[in-house]
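Data first, discussion second: the structure below is written as structure tokens.
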Amino acid sequence: MRRQTLTVSLVVLLVVCAAVASWKLTRSTTIPRHIAAAVPVKVITVSVEDVPRFVTGIGSVLSLQSVVIRPQVDGVLTRVLVKEGQQVKAGELLATLDDRSIRAALEQSRAQLAQSKAQLDVAQLDLKRYRQLTEDNGISRQTFDQQQALVKQLAATAQGNEASINAAQVQLSYTQIRSPVAGRVGIRNVDEGNFLRVSDANGLFSVTQIDPIAVEFSLPQQMLPTLQGLVAEHTAAAVKAYQGDGAANGLLLGEGTLSLIDNQVSATTGTIRAKAQFKNPGEQLWPGQLVTVKIQTGIELNSLKVPPQVVQRGIDQHFVYRVIADNKVEVVPVKVLYQDSEQTLISGPQAGDVLVSDGQSRLRPGATVEVVGAPTAEVASAQADRAP
């Protein structure tokens, strides 16, 4: 009986020990669940700067002068004196045409002029004699009038021969094809030996001016007053052209000035066209190229500047997460004053505040954060400034 009672007591003791151990184990594993882990975030410090304001648009690079070299007279292409891609000057000889038939026509016109002048000289001498005979009644007045008309006719013929010579000389000059502008020669369409006609659809090649060069772009019509103000200023507004989106990773291709805005707004697109001119000695801007243009429209003095990703959009307002004492965060409503792809100007925080720039999706007011990628001393200093 005593042995049976002892056995029951041992079983009860084991059950109690197991229950206590289970409770302690459960308690040790559940308590940390109520302690939220620190959220890793990246932060920035609000800075005060004088920030230039820009407007951005997409533009197309245009040559200020581009011509297709075409023959002005029919003829065989005898020589091409420039290479494809060569830089040429205005007035430089590019090619020549066979000029033998035009030279022959020129010589014929000169011979006809000489003949007309000889006939005119004889007719003028006869007219002088007839005038004297008329005064003495040696010939009739009708004969004198006829001779006078002949002199005028021969003078007109000589004048026509001179015009033919001038026309032939012009035609002869067209057999030497010269560049009307300074620029770069394009790809050649016709080789030596081909017969060229004025009516040919394709010219020999094009000559396109590369330096200086222009960029044409369109902006929303709401920007018209701003553009008008920039054009009216004595100092031309600065314009930058980028390859890419014009952000920090965009390649700067050139810096120019705003030259003009179009005389009307497009009713179809609601945009206004504008043009900027660039010096292009390095030829980084190329006709037909698409670029991003940035125009400085003003400067915001003493502005609070943060990266765009810092500002979050709420239901009815923008806000930021500010790191305060004990590495906790609070929500600060902000007003966005200006924003582009690289920066946002805000009001609400104070200069020197530490704001979360990455990791906001896991935050809520009062959450504990672990700052990564930022100097600890900088965060601690900002927290001390915010402490009561």
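Glycine residues also receive a Cβ, built from the backbone N, Cα and C atoms like all the rest.
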Expected hit for coiled coil in TrEMBL across 78-105, 106-133, 162-189, 302-329 is 106-133
DSSP says what for the domain 'Multidrug resistance protein MdtA-like barrel-sandwich hybrid' (67-203): how many helix, strand, coil residues?
70 helix, 24 strand, 43 coil
